[in-house]
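OK, Swiss-Prot features for this one:
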{"type": "BINDING", "residues": "Leu13, Ala14, Gly15, Lys26, Asp72, Asp102", "note": "GTP binding site"}
{"type": "BINDING", "residues": "Asp102", "note": "Mg(2+) binding site"}
Amino acid sequence: MPDARPPCSILILAGGRGQRMGGRDKGLVDWRGEPLIAHVHRVVRPLSDDLVISCNRNQADYRAYADRLVGDAEADFPGPLAGVIAGLKVARHGWVVVLACDAPLVDRELIEGLLRLAVAGNSAAMVRQGGFWQPMFSVLPKRVLPALEQAWAAGERSLQKALLREAVQGLECAESDRRLSNFNSPERLQD
């Protein structure tokens, strides 16, 4: 059976300050013998010919994992909304999968489920876990870029709040779903 999945761009957000990691760049922190970004890259690379990483430092280290790198338009690590805006601006496809660099257990099944949901609803799709939205696991239609830019211009800095201003389909996942684990502290790397 042919693959009915529409072409998508992949946007991996790696532009954070890494405060809970003692200032270390989370995507480059080793877990099971390789950087966290390598684990995410291995899952998403077969899904797209357009892999974008939003990073504000260590570009030389991230280059091997991306087709293109982008940085935030503003200095001082303004947050994931800025990274999503920067990534949507350069994405080549109409659908963009958004993931965090510190989610090494994400799998193809989850990503494809989000993509199917987004396409079926012709709107954004985001994971909901235990009743909470998880914007770092989402698929966005590129056409939401102007709305996100408007939200930014109006002072919004929360990716979740900006996304929820538009129609969003929720992909329900169990609270215990390890695929959604974010390894954003040294303690989590011991899991």
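Positions of Cβ are set from backbone N, Cα and C atoms, glycine also.
Values in this document were obtained by computation on a predicted structure and should not be read as measured data.
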Need the DSSP three-state call for Lys26 (GTP binding site) to compare against my parser.
helix
I want to verify one value. Collapsing DSSP to three states, which class is Asp102 (GTP binding site)?
coil
Enter the number of other CB atoms within 10 angstroms of the CB of Lys26 (GTP binding site).
24
